[in-house]
Structures are given as structure tokens and as C-alpha cells.
Amino acid sequence: MDDKAFTKELDQWVEQLNECKQLNENQVRTLCEKAKEILTKESNVQEVRCPVTVCGDVHGQFHDLMELFRIGGKSPDTNYLFMGDYVDRGYYSVETVTLLVALKVRYPERITILRGNHESRQITQVYGFYDECLRKYGNANVWKYFTDLFDYLPLTALVDGQIFCLHGGLSPSIDTLDHIRALDRLQEVPHEGPMCDLLWSDPDDRGGWGISPRGAGYTFGQDISETFNHANGLTLVSRAHQLVMEGYNWCHDRNVVTIFSAPNYCYRCGNQAAIMELDDTLKYSFLQFDPAPRRGEPHVTRRTPDYFL
């Protein structure tokens, strides 16, 4: 099929997915093959230009992803950078990840999708995506297409050379962005080592490196963040991976920000979600939002910008 015909078909898929209707197995296979062709050209430290809107964990909460797009602007009108964890825990992992991948294939320059610790064969077999694929398709093929694709997702992104974005955090094995560029990412997320750390680590109030309670990655203190940012000419590390009740949370004297974009996480945590808008001068503002109204609930959205210089 020629490019023009495929683009037309892709637009129909996006339209269908926007209504939370899954694609069929063959369509998913085609989509994942096209996505691999695009992602294989992307770097472990993918360069992104502002303006861009940075988002944290989504975790299969499809209707809340729709709310995110309502508040932040539709793709491709708004440039997006998602920091991983598209699947597991929510009820619509299939539709959520398929839509994000379809948008990536349709508008490769307008959306960047990074790998989270849940974009893994092992984790998805425990936390819901595998079972959901089985339930919705009757076999594990779609799960296999996506988990094979996950190996191609970039690990980190760099916005205008200054804001470093990734799912988890820093690694004792990594001092510079060049160390990250040199990693071989085309594999299942390892149990330990630098690639694992980037997807699993968390900032901590204690200085230095610590053992992570998660059983993978490390905790890292403000001294580590400051040293890393200074050595690499960065102004900020932006990451996701942790539930924060306001949707975003500064730490390490504003060297690190956590962004979490799944409101009322697991449909019971009661948290707000947030996204971070970076304008063309890299000034940031956070937009917070509540869960999408479910059917029968009054439609109220909360758009509350907080501006910081």
C-alpha cells in the first residue's frame, strides 16, 4: 500500500481509537512494524525542541488520556513528550498504547514516546496488560507485537539541550549523556545496570546513592542530581514513575521535577494529574487535571495553570 493510502487508513485508525475502540490484530501488527521503522532511527537520548508538553504515567486510563488531550491540546496541534508507563493497572491499556503508537506513526515529529519500566514483557505479565490482551483478542499476539515494539522506545529525551526527561531517574553507572547514548537499548529491560536504573530509580531526601525499596534501580540524593545537571549543562531533570498527589512535585532544590499524569490513580488514589508545558523560551507551567467525568457525571474540568520562571 502506498504512503498516501496508508496515511488515510492511519487517520481512520486514530479516529476509531479516539472512541476507545480497539484495532484488530492485523492492524496492530502493521502499526507496530511501522512504529519500529520510526523508532529505530531515534536516539537513546532523543533530541526534542520546544514548545512541548511533557507528560508522566498514563497506565491504561484511556478516558483520562482523553482529558489530558482536552486540557493540553490535541495531537498534532500540541507537541507531546510522554515519559513511559502507558500500560498496566488501568482498564484500557490496549486502547491507550495503541492510540499513542498510532499518533507516533502518524505524526513522528510531533510526539515522542519514551520507555517506562512497565514497557516490559515481565512487568506486563504481572500488572494487567498481558491479561487484557488475552481478554480482548483471545490470544497473546497483540501483547507480543507491543512488547517487541517496546524494545525500540528511546530511553530518555533532551529538550533544547537543557531539560532531561526520562521515566525513572539517575544511575551510579552513568555520569554523562554520552554514556546513555552508548547503551544498547534493543532488549528487554534488564534486572540491573544503567538501562534498568534509568527506568526504575527515584529521587530521595537522603544524599548519595541508596538501595531502592522497589528492588530495582537506586535512590539518589540532591548532591547526585546537582552534580549530574552541572556536568551535563542541564537545568532540570523531569521524570515520572512516582504517584504525587498534586500531579507534579519539585524536589532537590528544583533540580528534579516528578510529573504524574494518571488522575485518581488505579481509580482510587484520589490524586490530581498534571502535565508540564514548556513554551518556546523553555518557561514552564503546570496544568493540573482531575479524572475525566464518567458517564452520568456532570462535566467539569479544572484547568489551573501555575506559572514559574
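Glycine residues also receive a Cβ, built from the backbone N, Cα and C atoms like all the rest.
Copied over from Swiss-Prot:
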type	residues	note
BINDING	Asp57, His59, Asp85	Mn(2+) 1 binding site
BINDING	Asp85, Asn117, His167, His241	Mn(2+) 2 binding site
ACT_SITE	His118	active site, proton donor
MOD_RES	Tyr307	phosphotyrosine
MOD_RES	Leu309	leucine methyl ester
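Annotated pair Asp85 (Mn(2+) 1 binding site) and His167 (Mn(2+) 2 binding site), C-alpha to C-alpha distance, rounded: 8 Å. Nearest by CA distance to His59 (Mn(2+) 1 binding site), out of the recorded positions Asn117, His118, His167, is His118. Look at His59 (Mn(2+) 1 binding site): DSSP puts it in coil.
There are 28 other Cβ atoms within 10 Å of the Cβ belonging to Asp57 (Mn(2+) 1 binding site). A separation of roughly 7 Å, to the nearest angstrom, links the Cα atoms of His241 (Mn(2+) 2 binding site) and Asp57 (Mn(2+) 1 binding site). Other Cβ atoms within 10 Å of the Cβ of Asn117 (Mn(2+) 2 binding site) number 24 in total over all chains. His167 (Mn(2+) 2 binding site) is surrounded by 26 other CB atoms, counting those within 10 A of its CB over all protein chains shown. Counting every protein chain shown, the number of other Cβ atoms lying within 10 Å of the Cβ of His241 (Mn(2+) 2 binding site) is 26. The Cβ of His118 (active site, proton donor) has 29 other Cβ atoms within 10 Å, all protein chains considered.
What surrounds the Mn(2+) 1 site, by Cβ distance within 8 Å of the Cβ centroid and not counting Asp57, His59, Asp85, is the set Gly56, Val58, Gly60, Gly84, Tyr86, Val87, Asp88, Arg89, Gly116, His118, Ala240, Phe260, Ser261, Ala262 from the same chain. Cβ contacts within 10 Å of Asp85 (Mn(2+) 1 binding site), excluding its own Cβ and spanning all protein chains shown: 27. Surrounding the centroid of the Cβ atoms of Asp85, Asn117, His167, His241, where the record places Mn(2+) 2, the chain contributes additional residues within 8 Å, namely Asp57, Met83, Gly84, Gly116, His118, Gly168, Leu199, Trp200, Ala240. Across the structure, Asn117 (Mn(2+) 2 binding site) and Asp57 (Mn(2+) 1 binding site) are spaced 10 Å apart at their Cα atoms.
Around His59 (Mn(2+) 1 binding site), a 10 Å sphere centred on its CB holds 27 further CB atoms from the protein chains shown. DSSP gives Asp85 (Mn(2+) 1 binding site) a coil state; it is part of no helix or strand.
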